[in-house]
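Taken from Swiss-Prot, the feature active site, proton donor applies to 330. Sequence annotations record features per position, and here Swiss-Prot assigns active site to 359, 461 based on sequence analysis.
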């Protein structure tokens, strides 16, 4: 495991490190270069015993071990692209059958065989999903949809009323021909439920027929699945209980959008499967995900002390940094390790796209605080319909900007790694996602945290539910028309805090809900609120 130590000023050493630390997959046409990370041979030697344990843990996970003890469930997203790895023949058949059903449904909607209830072809898709159920589909659409192919997509990925209003306004006149897909694993998550009810209300008001336009992606026998069965929805697809939202893109959550834009979803799965095979290798120097995880660990001192800046030099990958933000931060951002010790682990992720970012925050990356490492992503092949004009080729400039930024960062002693792809399509997107999924899993093992649960997210959901409950009680107190301060309401309730009650009242008075406020807003304690 010998290669030169990092040197920012010696071009010969940089070249030698590039040759020694480059990984390449011939069939996929994918390179990984970690030579500009400050990783030395001694670092990899020191990590080797822990990486060996990480390889073994990942092997157990793929074999069906309980990987998420909090929920006593398996973690099986790797089975989705290689069904024969699933621990039972019944499960293998179920996965394969779902893929076939998704592909057939998408094809039949796109070619007009499956029609809207009014007898016309579907014109649009309204996708309702939060977190990974929204980010994964958004990535699929941005990365893989070609102009004029498949159906246009519109998203409810938040409960912002203004956002919903804008989306619905954009569907005006086509709501009765819009396919509405609601994604909710448990069927009980508030955000997709609220979006679904708003979509149903507007669709039916426009003359649509909900059951004939609605599709559910959820666990079998969940609340949403039961509702879809009872109401006779157009289609239901399974969201397996052993697939987490942030790793659900190779399930129906990502495959259905792919099928509805005319993408070959089997190519997408094939790319992920090929990268899974490459990252399954228990050899640190020959496993790209292990090289990435080791680089992250060394760069951040095993404590996430450096942010990951994602710089894909293609517009199609503009959503990828946000997708990785959830995958990495929700997986690795943990207060406790598996021993119950407080560790506050995590890697912060941000980014957008090159070369746009060179005119934004790259200034700080080069000259400001050195608290990050960059991840460049390049695609070599350019489209053929953008010609060279007056000797100037946009693709050459894009490549030059990437190399220039990479060199400028190195000159400043800033760390980076680069992923290069010969071309970009569904197969390469699948491979790219699988590469990061495995790197996240391996890193989680290196720092001894559970990368497959999200207690912080659950805590936020419980706190939100408590606020909504408090709001109902505040409204009940004010129903008598008597003006009260936040403190008086708290005393009457015997619960809550002045601040949370003030926030609730400020929201209520900001909308036409019949509540009014008197006093000086700059003096919150002086404000009095009433209804009527």
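From the backbone N, Cα and C atoms, a Cβ is placed for every residue, glycine too.
When other Cβ atoms within 10 Å of the Cβ of residue 461 (active site) are tallied across all protein chains shown, the result is 14. Note: residue 359 (active site) has no non-local neighbours, i.e. no same-chain residues 6+ apart with C-beta under 8 A of its own C-beta. Residue 359 (active site) falls within a helical segment according to DSSP. Secondary structure at residue 330 (active site, proton donor), as computed by DSSP, is helix. Long-range Cβ contacts of the residue listed as 'active site, proton donor' within its own chain (separation 6+, distance under 8 Å): 246, 454, 457. In the three-state DSSP scheme, residue 461 (active site) falls into the helix class.
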